[in-house]
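The structure appears below as C-alpha cells.
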C-alpha cells in the first residue's frame, strides 16, 4: 500500500510539473534587453545561439535602475520637497527604500530556494516558490501595477511635451489661425490617449523586436537625462543654496497634501525591483547576481534620490517648488539646455511605458496559461509569426484606458493607485516568505536560512 501511494504521489507530482512547465513560460529574456519573456521565434533550446552570460552589474543593476528611474524624478521631486520639506522628503525616501529592501531580500530568498530556471521571470519565481494560487494573486496585482505604470509614464511624456509648446496666458497652446481647430485636441487627456494608442499599435504590430532595437537608446537617454538634471540643479547649491535650504528643511504642506500623499507620489520610484528576474537566462549565477544587482540598484537609487531632494531644497523657495510646473521654474533651472533635457524626459518616459506594454501582456498570458482562472483561458493564445500575446495586450489596454479616462491625465491621481498595487504585491511576497520561514516548509530552503526538517 505504501509503495502504491508513493508511486501514485510521484506520478501526480510528475504530471503536475509537466503541466506547470508548459504554463510557466513567461518573461524569458532575449539576452539583450530583458524583454523577451516568451522566447518568441525559437522552437527549441538548441535553436538558440549561445549567449554570453552577464554579471550582476550589466545583467541586473543597469536594467533595474532603468526601470526605477521614471518620469517622477523629473516632474514631481520638486513638488514633494516643496510640500514635505527636506527632512520629510528624506524620510519618504527612506521608508520606500525599506519596503524595497525587504522585498528584494524575499526575492533573493525565493531565487536561492529554487524559484529560478532559464525561463525565469518574477511570476514564475513567485508561483513555483510560494504556491500557484498565491502566485496568481500577486501576479494580477503586479500586472495591474505595470499597466498603470505605462499610463503614468505616458502622461508624464505628454506633460513634458506641453511644457515645450508656446502657450497663451489661459494655458492653451498657441496655434496658427489655420490650425486653430486643433486646439481642443492639444490638451493632456486627448494627447495621452493618442500616445497610449500609438504605443499599443507599435507593440501590437512591431512586437518585442521593435522595443528591443530601441533598448540602447533608451538606456543612454535615461542616464544622460539624470546627469543633465543633476548638473543643472547643482548650480544653485554654490550660489543661493544656503538661503533656500534653510527655509525648506521642514514641511509646508499645502491644502489637500500630507505626508502620506507625498509618500504615495514618490513610491513608484522603487517599483522596478522585480525586473531583474526577467533576465535569469543571461546571468552567470542568477541567485547571486539577482541579490547583488538588485541590492546595489536600490542602494544607489537611495543615495541618488536623497541627493536630488537636497538639490531641489536648495534650488528655490517652497512656494516656487510647489508650482514649478506652471511658473516656469523647471525650465529656467535647466537653461540653456532645457529643450534637450525635456526631450530626454519624454524619451525616458516612453522607454518605461513601452517596456510595461511589452512585459504586462506576457505576464497576463502566463497567468492565463496556468488555467487557474477560467475566465482568462481565451487569453492564453500567441499570435503572429513572432508568437506575441496579442489578446493579452488588448486586455491590458482595457484597464489602462479606464484608468486614464477615470483618473484623468494627472500624475498626482495615477501615482497613488499605482503605489497601492505595488504595495499589495510586495506585502504579499513578504508575508508569504515570512509564513514559509515560520512554518519551515519542506520546499522552502533559501540560502542562509538553516532549518531542521527532522
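In case you wondered, yes, glycine gets a Cβ from its N, Cα and C as well.
Just so it is clear, the model here is predicted, and its values are computed rather than measured.
If you look up TrEMBL, you'll see 57-79 (among others) marked as transmembrane segment.
The feature domain 'Amino acid permease/ SLC12A' is assigned by TrEMBL to 61-447.
The transmembrane segment feature in TrEMBL is assigned to 85-106 (among others).
The transmembrane segment feature in TrEMBL is assigned to 140-165 (among others). Proximity of distant same-chain residues to the transmembrane segment (140-165), defined by a Cβ-Cβ separation under 8 Å and at least 6 residues beyond the stretch ends, is recorded for 70-72, 74-75, 122-123, 173-174, 186, 188, 191-192, 195-196, 199, 268, 271, 274, 325, 330-331, 339, 342-343, 345-346, 349-350, 352-353, 356-357, 359-360, 363-364, 367, 396, 399-400, 403-404, 409-411, 414-415, 417-418, 421-422, 424-425, 428.
Tertiary proximity for the transmembrane segment (185-207) is limited to same-chain residues at least six positions away from its ends with a CB under 8 Å from its CB atoms, namely 40, 150-151, 154-155, 157-159, 161-162, 165, 172-173, 175, 350, 353-354, 357-358, 361, 384, 386, 388, 390, 393, 397, 400-401, 404, 408-410. What TrEMBL records for 185-207 (among others) is transmembrane segment.
Per TrEMBL, transmembrane segment is recorded for 214-235 (among others).
Feature annotation from TrEMBL assigns transmembrane segment to 255-274 (among others).
The feature transmembrane segment is assigned by TrEMBL to 295-316 (among others).
The feature transmembrane segment is assigned by TrEMBL to 328-347 (among others). Here the transmembrane segment (328-347) has Cβ contacts under 8 Å with residues 71, 74-75, 78, 156-157, 160-161, 163-164, 217-218, 221-222, 224-225, 228-229, 232-233, 236, 315-316, 320-321 of the same chain, all six or more residues outside its ends.
Note on the transmembrane segment (392-411): residues 71-72, 75-76, 143-144, 147-148, 150-152, 154-156, 158-159, 187-189, 191-193, 196, 200, 203-204, 265, 357, 360-362, 364-365, 368, 379, 417 of its chain, located 6 or more positions outside it, place their CB under 8 angstroms from a CB of the stretch. The feature transmembrane segment is assigned by TrEMBL to 392-411 (among others).
Here TrEMBL flags 417-439 (among others) as transmembrane segment.
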